């Protein structure tokens, strides 16, 4: 009798993806984040579904419906904070996952990488729209500021903004459509994750050495299933601690004030995971220039395969490039800090310098260093 795991049309796909998948024998804990992101997505969809059962997408009742979830629904506070902090965990893992890809040259899998960048955009859009739903002060003003950026598009800009708003300002129509999109996008993301994995399994995983690992591959199960479960336990521990001890640590106190179109908060800022891009946006005095810099700061990831000049794939044996990548990481931390600061001296100047160095490191210094390292190794 044939093995069902290997013969059943559906189970066979799962088998080739998670059980008998040939995996390099030397991949480190940096390869855990893919599975952790999958778990995060599942947590977000489940908690989001339960929140949607009690939430009302109407300007008059949205804020009080969230309060009702926290006060009156059984474990509603837990579901709400798991969803909010789950999003933060999602982005932490996303940034680690991308950082791993940059360090080990995983971006040379062009299809997988490009689908990943599109996934990043989709997750960012979903998170932004989700932040609008509680209809607090920061929800309302964040939505107003970010949607207004589209008015910088020549000729069609102002019309496009009013079309997205469904009126002449952020109002009931905006909230309703944001809820609809926020609900449907995670399912589109799930489908894209499957495409992401499909492309990855065409080539197989990269590994820390950046060398071909076809001669030394082991089955995914049980080796990496166990390793992933360890990562999962760490994730669940940290997420649980965050939810139960300081659930509002990463949130904004302004969002506990109901949205008021007549009262602008002194400092409008997005959630922490968008602050680096927000800092780049604010560092350019011109509106259109700022919007272009904002989009390009993420879109630049797609250029990495083209900018790769080194004859080695990974940075494991390239100390100068390693140093540059860590400088880039520090630069992003500085940008994140600046994004949360008021627009005044010296923060404006620091933000502008950090924005310039962000693009310079990626577009000029990294390719030059790769080329130079080839010369140093007489390649």
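Our numbering is plain: 1 for the first residue shown, then up by one each step along the chain.
Even glycines carry a Cβ here, placed using N, Cα and C.
Since the structure is predicted, the reported quantities are computational estimates derived from the model, not experimental observations.
According to Swiss-Prot, the feature transmembrane segment maps to residues 33-53, out of the candidate ranges 12-32, 33-53. Given the ranges 77-98, 143-164, the record in Swiss-Prot names 77-98 as transmembrane segment. The transmembrane segment annotation in Swiss-Prot falls on one of the ranges 267-287, 288-308, namely 288-308.
Within the same chain, residues 17, 38, 41, 44-45, 48, 52, 55, 57, 112, 115-116, 118-119, 122-123, 125-126, 129-130, 132-133, 143 sit at least 6 positions outside the transmembrane segment (178-198) and bring their C-beta atoms closer than 8 Å to a C-beta of that stretch. Around residue 196 (heme b b566 binding site), taking its Cβ as the centre, 21 other Cβ atoms fall within 10 Å, counting all chains. In the three-state DSSP scheme, residue 97 (heme b b566 binding site) is classed as helix. When the binding-site residues 83, 182, 201 are compared by Cα distance to residue 97 (heme b b566 binding site), the shortest distance belongs to 201.
A separation of roughly 24 Å, to the nearest angstrom, links the Cα atoms of residue 83 (heme b b562 binding site) and residue 196 (heme b b566 binding site). A C-beta separation below 8 Å, combined with a sequence spacing of at least six in one chain, links residue 182 (heme b b562 binding site) to 48, 126, 129, 130, 133.
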